[in-house]
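According to TrEMBL, the active site, charge relay system annotation covers B:147, B:223, B:256.
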């Protein structure tokens with residue numbers, strides 16, 4: 001693991017790191033904020049998965065999470081959204097290829113070799129964090145994310161119910177099976193058999209019996225993507241049917257930007273901290 | 001005035017606006033955050049002047065000020081750091097020309113016609129704010145800034161003692177007369193007569209009898225520019241000699257970045273709010 005930068009912030013350290021990923025076969029970059037803590041203390045770990053076109057940098061710059069993480073003693077990890085580099089297959093669209101990995105393990109060429117973001121997020125990066133951040137308590141993890149990253153957070157958590165004590169999302173894509181972004185991405189990475197998409201669809205996973213102990217979602221009512229892409233109502237319905245206690249908050253007048261995310265970030269960090277520390 | 005963007009944030013509106021400036025002869029861009037407030041309420045106005053290479057966007061993205069401004073009911077205005085455009089004289093260095101206006105009215109060609117940031121900040125932009133933001137209470141203003149913008153905040157306030165109820169700075173250039181950045185900029189914009197520089201030098205203004213009712217400065221000890229460019233000690237000395245009550249806090253381990261600024265931003269907003277609202 002290579003340190004690209006470390007800066008003191010809110011009494012802790014905001015770092016940006018890179019490492020050679022075995023899953024993607026590329027150099028991967030992520031950011032990690034470690035709040036101030038006593039020597040030897042173990043701190044819960046909150047994952048934040050980013051949306052389309054983003055890298056680790058968007059939330060690191062604009063997410064306003066450090067104040068709340070310092071207050072509650074939470075480590076905050078922000079991975080990239082896809083493999084990157086000249087030798088990595090790409091597409092000129094913003095919603096497919098680099099910057100749009102959709103947190104899947106691709107099975108179709110030319111994507112299958114490098115687009116392994118599911119395994120990267122579920123296995124490789126957690127192991128790296130556990131190894132290099134002695135303060136990280138991997139028995140107390142939470143996960144959140146925005147848009148495509150909200151989809152990532154929900155599906156990673158639904159497939160790994162024992163790993164996360166808390167799950168939340170900002171304006172998540174709740175059902176890739178039922179929106180243009182999802183159909184394009186899953187069709188491209190996994191091929192036309194829609195049954196193979198279901199493990200990457202939060203609503204389908206819930207319908208199939210996957211459980212979450214709790215869920216917090218914030219969604220802006222002025223979000224241009226709400227109606228055609230995000231479809232928050234489908235998640236509310238799936239949770240209701242399955243008896244999953246979900247707090248889905250429609251936030252009046254908020255859009256899809258980091259102005260929205262940062263507004264509710266401290267709330268989410270606190271919500272996760274209560275569940276990660278209480279469990 | 002043209003609205004470039006408006007986004008709901010922390011219950012208020014983060015806007016970015018542009019207007020044709022009579023002072024600079026160019027289109028100028030600035031950001032303004034107006035927190036949630038009751039209809040007809042009048043709110044204090046905090047100015048933030050940015051540092052070298054920055055536009056309004058750096059603090060708007062990375063400043064973490066909206067939470068505190070919403071809590072305390074403060075309008076936050078972030079102007080650009082120079083005129084810009086193809087027809088505006090420039091220099092390839094990062095510390096002179098576009099992005100480096102130093103908040104002076106230039107007297108030397110080719111800069112004199114467009115580099116009028118002193119008059120822009122002291123007169124033109126406040127009048128525009130008063131006209132277009134009915135919630136802005138121009139009788140209650142404070143000013144802060146970072147690095148070159150800290151220099152700007154201090155010198156604008158020292159020359160206009162009746163306008164500001166509170167003044168603070170993050171890692172300010174305290175004496176352009178005594179550092180390479182300042183000598184280059186003031187020499188270039190004003191010419192070699194160093195006497196003409198004194199109205200753009202916080203320490204010289206204080207030595208000449210200018211007063212501040214109060215002053216808060218945060219400065220990181222790990223700031224690479226502290227020793228040769230910022231020289232915080234000169235300001236402490238000038239304030240002490242002049243009997244100006246200055247709180248100058250050396251912050252252990254912090255550098256010159258927005259990680260530093262954002263860490264202490266809420267503190268500054270609160271400090272200004274107390275003074276703007278109390279007066």
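All residue numbers here begin at 1 and follow the chain in the order shown.
Every residue gets a Cβ built from N, Cα and C, even glycine.
Automated prediction, rather than curation, is the source of TrEMBL annotations.
On a predicted model such as this, the values are computed, not experimentally measured, just so you know.
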Residue pair residue B:256 (active site, charge relay system), residue B:223 (active site, charge relay system) - Cα distance, angstrom, rounded: 5
Entry from the active-site residues list B:147, B:223, B:256 having the most other CB atoms no farther than 10 A: B:147
Integer Å distance between the CA atoms belonging to residue B:147 (active site, charge relay system) and residue B:223 (active site, charge relay system): 11
